[in-house]
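Listed in TrEMBL:
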DOMAIN    A:28-382  domain 'Luciferase-like'
BINDING   A:58, A:99, A:149, A:153, A:224  FMN binding site
């Protein structure tokens, strides 16, 4: 495999933590969602522990069902691109992963903004490519509902091609900036894209120098068939949700195989599932932490979150929550893969609907590990060693509480086992993840590189 | 008038300076366009001098004519929204004005990003509303050419209404964040916009708390008839180009009169023309500085810049540049007002085309003052006292050289005359400009405020 023995770690930066009840945890600052000092503190904690990146999810709209809004903390947070730009000035080494939708942006905007973020951070930018999954986003951009899954992915694929083409507008050494002669740019190294496709017509050129990383790192989380195909071709980091080891191994092998078919080496596509670690000095203490968090979640919050992730598979407000989840449920135009994963888990474990909606609130189907630092490290190392993961996107249930627990207790355990580094090895995110710098498509075409 | 005796000052943050030849000045760092430390240094200089704001212009495309690109420094700069977000973490008091086009953005994006910037900066964000003026922007967003002037303004007006409505989504005290009860938001203070207009359908709600300023400050620079009407209704700061005192007085009176017709007080709409100060210990030294800058501009640069600002009024590449500018020229679908201003100036002063294209390169029609600190202060104070300006957007010909000259030599002269402050009076930009905090449209409607 050529894989080294070090796992990659990202921090999923939900300002209060990943658990639906996290904002009620004593460690969460009340106004944390709009407080840059809070986010900077979290990024500094992760950077101090040599995490590879912080990861910001995003939705272009209010997430929750009307009845949930009163009790959810998600609709009161800073916008990712602006937030990461600010964090670029408050950190030095850690990667900055921002989510942005191809369904409701234009490629010229995102190409420019991520190129700019890459310059601001001296090569630490990454774009998590999503296609939007909620009709509440569609309603903010003139659509009655989301385009169907297939159309969204077709648009996403063209979108990414355009963005990469725009990043290659200027060759790395196109800007000469020679004061003596008055020549600023070598226009032989300027390439106009002239893209005309099904979804976009974008002429270019982009009005910013090529990003320090060549291209910011591309992250993706799609796990449907269309999503996996897209990830295999395009993504460099794949953020998955897979709590079952056997399925994780299978996914890992499948993805790397499909990527190989696109001529991509195994170490150029990293699989990073999410993990929700709940750390206690004893297993009992960890369980109590989870129970306390669960006690924070009102039934409206549980149902609201479940509706978001399960889509309209059933009417949770009229169903008997203590009945079992049946094994025949329709698929909807939502986050298809996660819906399937959650329902499959519930059916296999003979969950009631109440247990399923708690599972959604606790982890949204991500690997949930409740235990001692040793137990959590065991699961992580095992998943890594068995080639079900190249690392993890860590989703602390509470922040900063659960993040500090993880850094102070689990990270040292991973280091003792030789599985995690103590310092940054490279300057750029791309270097730290072991990725090659992309060759400019235009120099490649001309045979100059 | 109720106007106090202190002028407002902004810094137009062109990374190398406003003059077309500025990047060849010895003071300009070669890679300044993409270097955050350079921009942060400039913002710190302006903040140290108690400037009200830094101002970032923008275009969603490469500005220049193909023959100019080789010799122009403009196509290699950071994107404004990301750059200002980074600067929010490197400054404490100065306002952050970013340009963004209503023609090629969606209102939900800009509402979110400027709200986020306002939180990041604790109330220092401002949006300079433009409608785009170059077909090279249109080509990056699927248009063959720009929509006509009137359509662009119709869209802009609706766009701004939507953005303001989204900013009012949550009342100022909507987020209770009560850990004890588990109630995060008072949904009686949540307002869904449900906008359906000619250009946009935007439901809302916005997923971020109301900005600290209520609304970020709105800036505008339109000077055409449509632009003035728009400014009178919407803008709080109007960035004009007007080198002639009499015309400036007339514009000032007209704009304030039109604003009054919308129920807006004179001190809630500030007129801030641009000024290009070239400072010398003697007038001769200042003139030599200008001549040196002019010597940096190749004929291709002169013609390229003139084509941008004059539109297609004539073919500058075939005309005899030493012939006089005639007083009958057609109007084009470009920056109509500036075109007219430049041609009028040239005709009145019996300029040749060569003199006109130098004028464009030197100042783009903004007030150009070449002289000693006293002479420059005289012009500024006179323009202010005669009610042709409430302050100035300062466009140093070179940066940091010309900026330092202005701060070290002209600012103290303005202070000696009691026309400029030495420190910030408020926390937010709105407070520093003397603007009222906007009442939330929904509380106003319900009579609760």
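Cβ atoms here come from the backbone N, Cα and C positions, even for glycine.
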Neighbour count (Cβ, 10 Å) for residue A:99 (FMN binding site):
20
Just to be sure I understand the packing, how many Cβ atoms besides its own are within 10 Å of the Cβ of residue A:153 (FMN binding site)?
21
Non-local Cβ contacts of residue A:58 (FMN binding site) (under 8 Å, 6 or more apart, same chain)?
A:79, A:80, A:98, A:99, A:100, A:101, A:130
Which value does the mean pLDDT take for the domain 'Luciferase-like' (A:28-382) in this predicted structure?
93
Residue A:149 (FMN binding site): secondary structure state under DSSP, collapsed to three categories:
helix
Take the Cβ of residue A:149 (FMN binding site) and count every other Cβ within 10 Å, whichever protein chain it belongs to.
21
For a quick check of packing: other C-beta atoms within 10 Å of the C-beta of residue A:224 (FMN binding site), how many?
18
Going by DSSP, is residue A:99 (FMN binding site) part of a helix, a strand, or coil?
strand
